[in-house]
């Protein structure tokens, strides 16, 4: 996008997204097969917007757009596409277009692209790269998935300890062509290639030429082990407000650098994953095929069915009581539902607190006591409300008492389950966002039905 | 933290968080009232870690730590603290410590701090600032809450269009003292103070002194309107991989700059809000008081109670059927639970897609058709499973048929509700994460009970 075009664009409340009018115009151009009009419409769009466009179109229009606009295709569009769609688009692109597109990309973007592809597609892309790029990509792929090694870029701007500002600037001027596209620090290394500090470009620009680099070090300096999981990397960037950080191997030697935009991307993906997992949607996006989405959601629903059947088996123990007092069948879902909701509240707070390291071994029991207190207090309030509802609706003080007692029990249990289940899963090395919800609602359903129907059988029959 | 200390720290798998041993040692030092040991332990910690520590301690220990460590208190700790705790800590700190702490902060951090405080606390902090800082903070507070104007820093490094690289570098050297702590671009302005492009510091450092700044402009350049909501700002940074962006007023004049670390912070907060809202927890953290948390969660549980009562009223219409066939009471929660789960799946995908602008007017009907297809296919599979379970368990082919039909109906309705409810709320300007869950489960409970018990009454009685 050129500056003129941006200045012409009126600021919109909708922010920067692809707007409805543009999408409509592009659809028209595709329908008319108007290659030139399409080029005019696509030209000002950022690759991320073109990726969004491809995601919003249905399969037929998408393929037509790729055919008509093949000459305009850029590598960045592939990087921005949803994983599911990426495979489809790569398979559909003519090999020469794909090769051109991939050669445009930085090596860390190629790595990101390759990770999710099948072996034949991976090889097609590797073959399209020039030798040095291919080697860099293959080296990066040797690091474990989701590690700092995969995330980092290998092009690093580094300087020895004895250099002055002037020497660093002269070096940068002399090596203009091989500098990374974006960099924010010059990393200072000792003779063993171990990073010892870094200097911001701002300091470099504003300091006298004869000043020593070591005198300009930033406090924020931290190194990242190359095998560190990317989620920990993102956490460190967020917690310590890092802009870039050198990556070191086991011997402490500089092997690459991670910048905040990569960390922001990981943070975004981690959040997305947490939200989807908490809701029982493993992965998936709107551009996946129906069969794919059905397959992704099925296992979660199946587990839910099993837990629902367990709850039903509890109810089945009390068939006799229900046959005598049908009001029990009317009221029992309320107890289960309130428990499920209260449990989900505690659970979500716990999952978030685990992710942000606010819930640790040092305060877990205090948190459990706190959640239990909250659960019991809300339980007591709703016990009174439902006791009155039960009494008024069914004119039975005993029924009112039973539902009140069951409410307190279930909200207390919900609070305990909501904290202890995710904490236990986390200790066992299972992502607490993944499985906690099912366990918690199973507990609250079973306890809710059992407490309510059991008490009712004891008191009413 | 100095470099030596970092190099001494062994890389840990746990990442960078405050580790259990440090927390335990700090607790011991607090208990012993050992001010010197405490200083030794706190000294290497980042302000963000000290804030985490304060959040993890209970109220009594926290106050003791603040008393013992008052001399060590830094302003950044306040910025990093949870909102709820911030007020408590500010109220507890001696006025002179608070004043010193606040004077350390950059003006945008002071703004962030002030936003959530009561007027008396705000005034205490404003009074502690020096005149120019106070004016800057007050000007920022004049912009609407959650707008780009609140987020931006007002210190901008700018240059006129006719400057060369050499002139820009000389200017930076001459103004070393007034440069912002962190900056990544020199923003080039026209004579009307309107930004027309920017140059990265890397380009500035590596280019010849006589080169024109206008020849070094970056493609990524975008301006942000000062009144734009901060969530849109974060979206733009994430979508277009921005590192910094100039903020302009209604006339297009440069008024400040937003950097990626601020945007990352907003993105993180937005995600947190989405997760908590989807779970029916408005806000809140583990360091809130029990009474505060109880009060925050109560309304969500109350709304859930109302919807559960509505579902009960549906069941109550079929008391007679349940009295005759108690199996209905045993099986009905399964239908409701499956509908609730499937609805939550669709809903969560929809809420995320709305937030990332992947679900728009241009593709909403395709998405609805897609979700309906997924719901009906999974509904059909589970209909067969439950039909068989119903048949085997209760030896009634009619009951099997009824539960199968109810399953298909409810999973289809769940898919529709899961998409249409958040889309409708979004159109009405309500945050879909906030209220969708309640509406969707109400729909699936009511439809589930009604379809199952209604069909059963028609077929079995």
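Placed from the backbone N, Cα and C atoms, the Cβ positions cover glycine too.
The domain 'CBS' annotation in TrEMBL covers B:152-216 (among others). Confidence for the domain 'CBS' (B:152-216), expressed as mean pLDDT, is 94.
DSSP places the residues of the domain 'CBS' (B:217-273) in helix, strand and coil in these numbers: 25 helix, 14 strand, 18 coil. Residues or ranges marked as domain 'CBS' by TrEMBL: B:217-273 (among others).
Per TrEMBL, the feature transmembrane segment maps to B:298-316 (among others). Counting same-chain residues at least six beyond the ends of the transmembrane segment (B:298-316), those with a Cβ under 8 angstroms from any Cβ of the stretch are 280-282, 322, 332, 336, 438, 441-442, 445-446, 449-450, 453.
When Cβ-Cβ distances below 8 Å are used as the criterion, the transmembrane segment (B:322-351) is approached by residues 274, 278, 311, 315, 359, 367, 371, 374-375, 378-379, 382, 386, 390, 393-394, 396, 399, 403, 406-407, 410-411, 413-415, 417-419, 421-423, 432-433, 436-437, 440-441, 443-445, 447-449, 451-453, 456, 460-461 of the same chain, each at least six residues removed from its ends. According to TrEMBL, the feature transmembrane segment maps to B:322-351 (among others).
Among the features that TrEMBL reports, transmembrane segment is placed at B:372-394 (among others). The list of residues near the transmembrane segment (B:372-394) in space but at least 6 beyond its ends in sequence, with Cβ under 8 angstroms from a Cβ of it, reads 327, 331, 334, 338, 342, 346, 400-405, 407-416.
Here TrEMBL flags B:400-421 (among others) as transmembrane segment.
According to TrEMBL, the feature transmembrane segment maps to B:433-460 (among others). Only residues 6 or more beyond the boundaries of the transmembrane segment (B:433-460), in the same chain, are considered here, and those with a CB under 8 A from a CB of the stretch are 273-274, 277-280, 300, 303-304, 307-308, 310-311, 314-315, 317-318, 320-322, 324-325, 328, 331-332, 335-336, 338-340, 342-344, 346-347, 350-351, 355, 396, 398-399, 401-403, 405-406, 409-410, 413-414, 417-418, 421-422, 425.
Within its own chain, the transmembrane segment (B:400-421) has Cβ neighbours under 8 Å at 331, 334-336, 338-347, 349-350, 364, 367-368, 371-372, 374-376, 378-380, 382-384, 386-391, 432, 436, 439-440, 443-444, 447-448, 451-452, 455-456, 459-460, counting only residues six or more beyond its boundaries. Per DSSP, the secondary structure of the domain 'CBS' (B:152-216) breaks down as 23 helix, 17 strand, 25 coil.
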